[in-house]
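Each remark here refers to the structure printed beneath this line.
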Amino acid sequence: MRESKKSKTIPMYIIVDDEDAGEPAPETIRKKTNNHRAARRNSVSAERYDPETDHGYEDEKIVHPKTDEQYKRLKDAVSDILIFQALDRDQITDVIDAMFEKICEPDEIIIKQNDDGDNFYVIDSGTYDVLVTTDNVEKRINTLINKGSFGELALMYNMPRSATIQAKSHGSLWAMDRTSFRRIVLKAAFKKRKLYEELLENVPILKSLEPYERMNLADALCTKEYDDGEVIIAQGDNAEGMYFIEKGTVCVDITSDTGDNTMPVGQLDSGKYFGELALINNKPRSANVRAVGGVKLAFLETESFERLLGPCLDIMKRNSEIYKTYADQTS
């Protein structure tokens with residue numbers, strides 16, 4: 001089974017971290033002007049992408065055939081790239097299908113500073129220098145060896161290339177064209193925000209949030225997927241966050257202090273939430289939660305919980321007291 005489940009918390013709009021980044025941050029690069037070589041009247045990177053009006057993604061998916069060995073190599077290569085870790089399993093499959101292999105020769109220029117962005121690249125093998133020219137002086141600011149990615153900034157921010165990437169050895173890259181990148185990564189982020197906003201609007205305890213607060217909360221959520229019977233949280237574990245059920249059902253049970261028996265508490269389905277008790281009380285998990293069939297969850301990590309859900313804490317605390325009373329009565 002092709003699976004892409006990650007335990008990291010990844011916001012929906014994010015750039016790769018410093019270790020894997022191939023280009024400097026966009027705020028450090030001057031935008032195009034008429035005085036720069038990169039400013040062209042019909043510049044492709046200046047084309048604005050609006051995910052809300054793009055309805056062709058499902059009908060125009062790009063698929064580059066791959067062998068099983070190539071598929072595995074590419075899946076391994078993209079598994080640690082943060083901009084993909086907000087995607088669900090089907091979207092990861094779309095990413096892999098849309099990528100094509102590019103063989104590189106020593107000293108080959110892969111992307112050139114100030115050029116328009118055409119592709120996003122994931123390193124499969126080889127060594128690549130990251131070069132930035134300032135005041136006509138070129139400096140090497142990083143070297144990527146056998147892993148990492150580059151080229152996303154120009155595609156995400158409609159900016160010219162902020163660095164030059166040059167191959168220093170034979171190697172291979174996986175490339176995704178600009179249109180596929182935007183339709184998969186940016187459109188997926190847009191759709192996920194809309195979905196999460198609709199999900200959160202139907203959660204009773206969040207009614208006290210202002211619309212902009214729900215929007216911030218939606219941006220802080222990330223998707224996690226679990227298979228039937230898989231443990232989502234285990235009683236006694238430290239809490240890393242709380243969960244909103246996007247799709248599917250989970251069962252909740254409590255293990256006795258002796259560990260001899262397990263008492264069912266109930267089931268939760270789409271639109272419900274769980275995992276907040278340990279965060280409110282600053283204690284280990286008080287119950288086990290398992291997937292019933294395939295489950296898709298929206299996960300909110302602890303720091304975001306404390307920062308974004310302040311207005312809802314009183315309601316959650318009242319609910320936690322009701323739950324505690326129930327647990328005491330049935331224990």
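Positions of Cβ are set from backbone N, Cα and C atoms, glycine also.
Predicted automatically and left uncurated, TrEMBL annotations should be read as such.
Annotated features, as they stand in TrEMBL:
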REGION    17-57  region 'Disordered'
COMPBIAS  31-40  compositional bias 'Basic residues'
COMPBIAS  47-57  compositional bias 'Basic and acidic residues'
DOMAIN    83-202  domain 'Cyclic nucleotide-binding'
BINDING   Glu152, Arg161  3',5'-cyclic AMP 1 binding site
DOMAIN    205-326  domain 'Cyclic nucleotide-binding'
BINDING   Glu276, Arg285  3',5'-cyclic AMP 2 binding site
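Packing around Glu276 (3',5'-cyclic AMP 2 binding site) is summarised by its Cβ count: 23 other Cβ atoms lie within 10 angstroms of its Cβ, all protein chains included. In this structure the C-alpha atoms belonging to Arg285 (3',5'-cyclic AMP 2 binding site) and Glu152 (3',5'-cyclic AMP 1 binding site) are separated by 39 Å. For the domain 'Cyclic nucleotide-binding' (83-202), the number of residues in each DSSP class (helix H, G, I; strand E, B; coil) is 42 helix, 45 strand, 33 coil. When DSSP labels each residue, the domain 'Cyclic nucleotide-binding' (205-326) comes out as 42 helix, 46 strand, 34 coil, counted as helix, strand and coil in that order.
In this structure, Arg285 is the one among the binding-site residues Arg161, Arg285 with the smallest number of other Cβ atoms inside 10 Å of its Cβ. Per-residue confidence over the domain 'Cyclic nucleotide-binding' (205-326) averages 84 (mean pLDDT, predicted model).
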